[in-house]
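J.: Right, I'll just put the structure down here and ask away after.
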């Protein structure tokens, strides 16, 4: 039968048209969309960050309809990038749980993909759900809107293949159950994002596989090869027990390995001092009696680098040595002194290497094999000098950044969480001493400016027991500012310090130019406009320490239930000495001439 250009074929032309209407006998709740909602709820993604579009509207209806029985809530965001950033922050707060976002086809998915790539780099299980084309359109040679004008619907999929560990394109009801379960299972097992595209005409259709009581989620645990584990522990114990002043350094991959507790137990048993790489801050309790700070090469916590780099053996648990964490590849470490423990692999010196060894199993087993050795920590105690407190400002004196962070330090408690934006906040927040139970997050590997606004939304939505304190530069804030309106809509009481120094300070220190200067905004006025009389909001613009104290008194007192936005105006040259040193070394690494051919 001939079909006119631009017309829709008759129902008889589609093999799946018969499924378009729910049968009277099928239970209303047994639909694809509701099955997805139940699965997300099961794995802890009870808030789904969304932006509506015509390809995902029916899906959103079904997710919303399941809210009463599963507790899934749709958190509407201002754009897809921020929705995926929020899913990133949500996954962080859930300590191994899943974050989720739901957007529309291509225009939504490709907007979210930058944040999904960041979650991939940080080993976070984020489920990115996209409302896709009608199942009848696949193979039809039609051109759809929201695409690049080709009758090929795989462009978005091909983009996501590079930044997700599993991709499911659901355009048949028969295998939808398996595809959704496989995607979510893979996200949890690999601790990486996954992509699920669901045809827009399928979410509300019942099917027998979508049971009202689905089979509970079950994942087989990953197990170490016992012979390899024993050999790795034996070799590591010999290596460390002959050392005079060994140390332990925690890295960011301890999170994905769920090995933070095992790392601390090892430290308790062996007596070594413990440090963390900068991207692992918050993964190790800083109130530990032998915690010596952040190891970050030339910009380490005072006296920490001296102890780590002078050790004759160091065990790094889950490190990532990139140009940022290595300060332009300038760390003074020797491979022959190192044991590198990754999630499933242990390497001792230049070898041997042991595979199929889970980090948590290795650290736990090593606990009973090491001799007590406190020599390196005793050296640290001998050279350690407590840091001085910055002097209080004179009346009317312009506020300095070190004064600001002195007051932020005093605010921290077990009921706090710190979100540090890419930039000078990295270095100032690294200096904060985290009380027991205080959360801490930043995105070091990907370093996408603007990440913290969406991540603050997501983290606060997941961690209702904590008050989130976000430190954000003015340049970063301009990228994703609008999501503060979503925080207000959901009644969050975050404290946002907008540090206004007139530009992209971290870029200035790496490579200066006129492009690093940005248009100044009336930031408090912008947040007041977002507020628009709806919700609880407090704003303050501070230029002196006296004004800062007044703002904090309000934020911690009568305005404690409000979203508090404090714009802190500082001089553009008031940057941490650590950023200056780090910037110069990273700049030098970036400026290396090509290697000779």
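Cβ atoms are placed via backbone N, Cα and C, with glycine included.
TrEMBL: automatically predicted annotations, no manual curation.
Copied straight from TrEMBL:
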BINDING   474, 501, 503  Mg(2+) binding site
DOMAIN    31-145  domain 'Thiamine pyrophosphate enzyme N-terminal TPP-binding'
DOMAIN    233-350  domain 'Thiamine pyrophosphate enzyme central'
DOMAIN    443-568  domain 'Thiamine pyrophosphate enzyme TPP-binding'
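How buried are the listed features, and what sits near them?
T.: Note on residue 474 (Mg(2+) binding site): other Cβ atoms within 10 Å of its Cβ, all shown chains, come to 24.
Counting residues per DSSP class in helix, strand and coil order gives 41 helix, 24 strand, 53 coil for the domain 'Thiamine pyrophosphate enzyme central' (233-350).
Averaged over the domain 'Thiamine pyrophosphate enzyme TPP-binding' (443-568), the predicted model has a pLDDT of 93.
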J.: If you count Cβ atoms within 10 Å of the Cβ of residue 501 (Mg(2+) binding site), leaving out that atom itself, what do you get?
T.: 21
J.: Could you tell me how many residues in the domain 'Thiamine pyrophosphate enzyme TPP-binding' (443-568) are helical, how many are strand and how many are coil under DSSP?
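T.: The domain 'Thiamine pyrophosphate enzyme TPP-binding' (443-568) comes out at 58 helix, 28 strand, 40 coil.
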